Amino acid sequence: MSTSPGRADVARSVAGRRRALWLGGLGFAALLLASAGVRAACDGPQVRPAQAAIASAHPLATEAGLKILDAGGNAFDAAVAVTAALAVVEPYGSGFGGGGFWLLHRAHDCHETMLDGRERAPLAAHRDLFLDDAGQFVPESALVGPLSAGIPGTPAGLVQLAEGYGRLPLAQTLAPAVGLARDGFDIGDGYRRVAAWRLSALRASPAGAAQFLVDDEVPPRGHRLRQPDLADTLERLASGGHAGFYAGETAERLVSGVRAAGGIWTLEDLAEYRAVEREPIVAQFRGWRLVSAAPPSSGGVLLVQILNMLSAIEPQPESDTQRVHALTETMRRAYRDRARYLGDPDHVEMPIERLTHPHYAAGLIRDFDPTRATPSTTPETDVPASEGRDTTHFSILDREGNRVAATLSINYPFGSGFVPPGTGVLLNDEMDDFSAQPGVANAYGLVGGEANAIAPGKRMLSSMSPTFLESSETVAILGTPGGSRIITMVLQGVLGAVDGVPLEDWIARPRIHHQYLPDRLEFESGALSPAEQRDLTAMGHRLELLIRPIGDMQAILWDRANGQVKAASDPRGAGHAEVR
Ligand code: GLY
């Protein structure tokens with residue numbers, strides 16, 4: 001790894017003061033140019049990592065992926081196995097009733113793509129779906145029960161991943177998940193905590209309660225969770241491919257279960273669903289190449305906007321307080337644009353090139369005052385701290401140099417709570433990620449406008465940000481769950497990696513977050529010193545200490561110079577990273 005003076009400074013600050021690691025040596029002055037692309041520079045002899053690595057949010061999912069690598073599968077086969085295993089052992093975070101994004105790098109031709117398995121609104125959906133007779137948004141209807149569920153994309157994504165990029169059959173890569181669903185696994189404390197939080201949503205669905213609760217209550221410690229219906233559904237997917245889920249027995253049970261409980265899905269919704277490959281957002285920052293999620297995720301665009309703004313600030317901040325202030329102000333401005341411009345690229349025109357251009361960032365930051373916070377215009381909303389049990393992330397590197405960063409979700413923990421009888425498939429409540437009413441916040445406090453309004457067949461805007469970061473010496477693969485905070489957490493990971501902070505430190509360090517509305521600078525315990533809190537408050541920032549840690553980052557670092565591979569799982573979660 002480079003030992004430029006800036007990096008050495010940061011490394012020293014790591015040893016001496018772990019607190020505000022992400023502040024160190026930002027060196028904002030580098031110019032960032034954004035462009036979309038699907039092919040990384042592939043010139044010169046291709047170096048291969050000495051080892052493979054997997055980091056995921058659950059040890060059993062990491063084990064499932066390693067088993068597939070050991071059986072001769074590549075990173076893409078392992079990604080199928082990890083995705084499916086996470087759906088079984090972390091049913092509150094992601095699943096076959098949900099969706100997500102798989103960011104792929106194929107080593108032999110440096111092909112890069114984002115596999116978009118994001119959910120779609122049912123064809124019978126309309127922009128006022130969640131408004132009452134008085135035209136008011138009814139949040140509960142977008143979060144609980146089958147009306148809140150988009151058409152799932154994860155099964156289609158896995159079929160496409162296996163057929164387009166893997167070398168093993170689905171029957172083999174799904175086998176670990178089938179075993180975990182049929183034989184069961186012991187639930188952990190995280191499961192019990194979020195099951196208690198979503199108890200009423202699960203109780204509202206008889207099949208959901210039967211699958212995830214015991215006698216309608218949170219299962220006791222040590223409970224072995226068996227999901228035989230889900231195992232059967234996975235076997236139909238393994239043998240039938242796309243049609244094994246989106247047609248036939250599974251589709252019929254999904255649709256009849258949803259409709260019997262008041263939902264609006266049709267067989268046509270399922271038959272029409274396809275995962276889509278999209279060009280990732282690609283940019284350069286301080287000699288590093290950033291590759292991240294494209295719309296319908298807002299992640300890549302906002303990451304580039306923030307990095308561009310940081311580069312444009314003159315003079316560069318010097319004190320830690322000034323750096324937090326600068327970072328906060330760039331986050332604020334990027335999230336304002338998220339609400340204004342972003343949505344499903346198949347439904348709305350978005351000025352992506354303009355939004356990610358350095359000149360635009362310079363304009364955005366023109367009213368930046370180094371001594372004062374720029375107020376956001378309110379309506380205030382409550383934003384629950386997403387501790388990272390909604391949504392999940394995993395990162396994979398194989399010995400050929402193939403990479404996967406995947407972030408997957410069913411939205412809120414345990415999604416809609418609704419399981420169509422006889423499927424074992426817990427449905428998402430991703431419809432809440434649409435802007436149900438302009439200017440009215442969703443469960444994560446995010447507001448939106450026309451670009452993200454509900455429409456038939458439209459994908460809802462996401463914050464999921466699976467990301468690659470690459471210099472001539474180093475490759476990083478990273479991502480995290482955490483709702484609207486995903487983007488700023490990945491940003492702080494990117495800044496840590498660029499600054500040469502050791503992997504285990506940039507994963508663990510306390511984080512901050514601002515998302516325009518509500519107008520609050522949120523911080524984890526230890527992120528800001530008492531003096532910084534005082535100074536930032538005096539500058540006009542409204543500070544809020546998060547009562548729970550946020551995120552569950554899973555990351556891999558490959559040092560191409562010496563071949564060394566490292567992997568780390570966020571100490572905030574219960575995941576497992578392994579190099580072998
Ligand atoms: N449901 C969380 C996200 O997609 O951003």
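Cβ coordinates are placed from backbone N, Cα and C, and glycine is handled just like the others.
Bear in mind that TrEMBL entries carry predicted annotations, made automatically and left uncurated.
Site annotation (TrEMBL, ligand L-glutamate) includes ARG118, SER409, ILE410, ASN411, SER462, SER463, GLY483; from ASP433, ASP505, ASP519, the additional listed residue is ASP433. Pairwise Cα distances among ARG118, SER409, ILE410, ASN411, ASP433, SER462, SER463, GLY483, the recorded L-glutamate-binding residues, top out at 15 Å. For ASP433 (L-glutamate binding site), the count of additional Cβ atoms within 10 Å of its Cβ stands at 29 [all protein chains shown]. According to DSSP, SER462 (L-glutamate binding site) is assigned to a strand segment. The two recorded residues, ARG118 (L-glutamate binding site) and THR391 (active site, nucleophile), have Cα atoms 12 Å apart.
In sequence order, GLY93, SER94, THR407, LEU408, SER409, ILE410, ASN411, MET464, PRO481, GLY482, GLY483, ILE486 make up the list of same-chain residues 6 or more apart from THR391 (active site, nucleophile) whose Cβ falls under 8 Å from its Cβ.
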